[in-house]
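Asks: Below you'll find the structure I mean.
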Amino acid sequence: MAISFSHISAGATAVFVGYSSAVVLILEAVKTLNGSPELQSSWLLALGLGMGLSSLFLSFKYKAPILTAWSTPGIALLIVALNGVSIPQAVGIFVFSSALIVLSGLSGVSDRIIRYIPIPIAAAILAGILIKFVLAVVPALNQEPLIAGILVVIYFVFRHLTPRLVFFWVLLAAIALPALLKDLELSQLSVSAPHWVWIWPEFNLTLLIGVGIPLYVVTMVSQNLPGIMMLRSNGYAPRFSPLLTTTGLTGLILAPLGAFALNLAAITASICQSTDVDPDPSQRYKAAMAGGVFYLIAGLASSLIVGLFLMLPAAATATLAGLALLPVLTANLFKAFSSDQQGAVAPVLAFIVTSSGVDLLGINSSFWGLLVGLIAFYLARRFDRVKSS
């Protein structure tokens with residue numbers, strides 16, 4: 001199994017983007033629980049190992065670029081919801097939520113649901129999720145014109161010169177430029193061994209209902225559904241149920257060590273699914289496997305990784321994420337809006353609602369975009385049948 005440099009660089013970029021966007025949130029969640037630095041290290045170690053092993057297993061088994069991730073909306077929810085909660089009670093919430101994901105996978109209901117989501121709707125939702133990351137490049141250019149500007153130039157130059165290596169050059173520049181400009185003092189980085197901190201769960205019924213169920217819902221709606229839709233929109237069709245079961249079981253086993261929620265990746269997985277990674281779709285799974293290896297490395301070197309990400313200028317990480325996701329956004333916009341059917345307004349509505357960022361009842365805009373898009377799509381189809389009959 002030959003792995004090219006473009007596979008490796010895409011996998012590294014996906015992990016880098018994933019970590020840079022949410023590591024701070026994870027550290028903040030541990031602080032909410034009054035946890036120690038050792039507990040922070042344990043959480044990141046458990047998450048790195050869980051994401052790495054599940055990404056390697058699923059990508060190799062299904063020969064598809066299946067990358068897993070932690071639940072970013074989930075950790076945002078936990079930062080608020082865990083205030084005043086004990087660490088064992090928090091672990092009980094993690095175990096409960098992961099168990100619900102396992103049950104969702106074993107029941108097979110998820111596979112039946114996903115068949116009713118048309119590709120244009122799925123693509124529109126994903127475009128709505130991705131667009132804010134690409135748009136973030138513009139304020140980054142205003143904040144750090146030199147760093148962000150050079151990254152943009154490197155991206156467009158090497159996209160034409162060496163398209164399969166473009167992510168490597170941008171990633172290298174994102175680290176090298178701040179170091180050369182003295183915005184990043186690499187000498188200050190410290191390395192220490194990661195810690196295992198096993199916490200036995202404590203189950204509180206009120207917390208399981210009030211926090212555990214919302215954690216399950218946001219993980220399913222905001223992460224797993226977009227994750228499977230990303231795969232479908234890029235031409236991959238693994239069954240949804242085994243993917244859920246695998247991520248749920250992995251989270252269930254590692255929950256006492258701090259794996260609060262593991263799920264399918266959508267945004268970072270898209271980096272491994274673009275044509276820049278490999279012109280042959282059947283070979284792109286190698287990029288996700290490379291990402292799995294980098295997850296394992298990140299977990300074992302959690303203290304070093306966290307230190308590096310926290311030291312990078314925000315403009316550099318925002319530009320890196322936006323450029324990495326630009327081709328994926330372009331592809332999904334084309335899939336969403338290239339239809340000439342009468343019901344083409346449905347993807348437009350799904351895109352508008354999703355990109356709005358509206359948060360109702362604690363559930364983010366991707367769910368509401370999906371709901372509005374599906375209602376519009378099936379209403380249009382219903383009216384078309386009535387007219388033709």
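Note: Cβ is positioned from N, Cα and C throughout, glycine not excepted.
Quantities reported herein were computed from a predicted structural model and do not represent experimental measurements.
Taken from TrEMBL, the feature transmembrane segment applies to 12-30, 42-60, 67-85, 91-109, 116-135, 141-158, 165-181, 203-222, 243-267, 287-311, 318-337, 349-380.
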Asks: With a cut-off of 8 Å between Cβ atoms, can you find at least three pairs linking the transmembrane segment (203-222) to the transmembrane segment (42-60)? Only pairs 6 or more residues apart in sequence count.
Replies: no
Asks: Where else in the chain does the transmembrane segment (349-380) make close Cβ contacts, counting only residues six or more beyond its ends and a cut-off under 8 Å?
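Replies: For the transmembrane segment (349-380), the list is 73, 77, 116-118, 121, 124-125, 127-129, 131-132, 214, 217-218, 221-222, 225-226, 336, 342-343.
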Asks: What stretch, picked from 165-181, 243-267, 318-337, has the most CB pairs under 8 A with the transmembrane segment (91-109)?
Replies: 243-267
Asks: Which residues, given as numbers and ranges, are at least 6 beyond the ends of the transmembrane segment (116-135) yet have a Cβ under 8 Å from it?
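Replies: Contacts with the transmembrane segment (116-135): 226, 229-230, 232-233, 266-267, 270, 318, 321-322, 325-326, 328-329, 332-333, 335-337, 339, 344, 346-348, 350-357, 365-366, 369-370, 373-374, 377.
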Asks: Could you tell me what the rest of the chain brings near the transmembrane segment (165-181), counting residues at least six beyond its ends with Cβ under 8 Å?
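Replies: Those are 5-6, 8-10, 12-13, 16, 146-147, 150-151, 154-155, 158-159, 271, 276, 308, 311-313, 316-317, 319-320, 323-324, in sequence order.
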Asks: Between the transmembrane segment (243-267) and the stretches 67-85, 141-158, 318-337, work out which stretch tops the count of Cβ pairs under 8 Å.
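Replies: Looking only at 67-85, 141-158, 318-337, the most contacts with the transmembrane segment (243-267) come from 67-85.
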